[in-house]
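Presented below is the structure to which this report refers.
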């Protein structure tokens, strides 16, 4: 492998690691909004309660922890999703940039079409690799715990434990088969257009601004928010259908994407496709904004660390950190006892 290729691979990994770290931080900050949106998407009837009423109902029935149902699988999922997406996106982008140089183009920056193609390739690869994680996460997020039932237990009785991520995964495979892990793949592939729109808008706006000034984390925050607002508003009906297909095996018969969409329209009208859009758009915009702001900072930190540590050691160290933290999140133990006082460790995983 040439030194140029090795350097490019190292840069791809740096982008992937910073994207994973930024995703974890941004999702942890906004997760209650995901819970509210997902609950609304899978309700079989119209939900007339407002935002605050929904929050109060969940807290009364399930406690504050109800707002964080499935957080462990979500953090694991976003770390894998963002790592895969950013790696493939940067790999594809570097290919386009090399082609631009070979063709003698004045600028090697990606055009709008090239940005969209890079996003499509990265998004499709990510969907196929991570859909099972999000099926498990949706099942955990929409599982409801009745507080009154717990409080009504006989003295000395032990309240049933909520299944862990691994427990939910094994139960799903046992009851519905491995193919259930890929329910909702069709709308998820359609939703590849969401990050395509988001990152295309972000890239083009950033390229325009970079001609005049440096893109700071604050500017990246605003550009990320704008891109995600536009993308999520357009693709939201497919987000609703995907969530319903993720829980279809639990609540009833299987449906394909068009059947699920027609059922929602017949039962609730077109407005049913936009259930929970308020908290979802808010969460998506904030998550994307934080992600882009965090990612730029983390990328700079990763590059600085890479200059001090050999590339192979950096990658191995980073993946060990990801494995260790996600094992803790999945209920596998307390992890190693080493002190975690580095910004890079905290930020990545």
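Note: Cβ is positioned from N, Cα and C throughout, glycine not excepted.
Check TrEMBL against the ranges 156-176, 219-239, 240-260 and you find transmembrane segment recorded for 219-239. Your range for transmembrane segment, going by TrEMBL and the list 45-66, 67-88, is 67-88. Confidence for the repeat 'Solcar' (110-208), expressed as mean pLDDT, is 78. Tertiary proximity for the transmembrane segment (179-199) is limited to same-chain residues at least six positions away from its ends with a CB under 8 Å from its CB atoms, namely 85, 89, 115-116, 119-120, 122-124, 127-128, 131-132, 134-136, 172-173, 224, 227-228, 230-232, 234-235, 238-239, 241-243, 245-246, 248-249, 254, 256-257, 288.
Below 8 angstroms of C-beta separation, residues 70, 73-74, 76-77, 80-81, 84-89, 92-93, 96, 110, 165, 168-169, 172, 180-185, 188-189, 191-192, 195-196, 199-200, 246 of the same chain, each at least six residues beyond the ends of the transmembrane segment (116-137), sit close to that stretch. Within the chain carrying the transmembrane segment (67-88), a Cβ under 8 angstroms from the stretch's Cβ atoms is held by residues 12-13, 15-24, 27-28, 31-32, 34-36, 55, 58-59, 121-123, 125-126, 129-130, 133-134, 136-143, 164-165, 168, 195, 291, 322, 326, 329-331, 349, all 6 or more beyond its ends.
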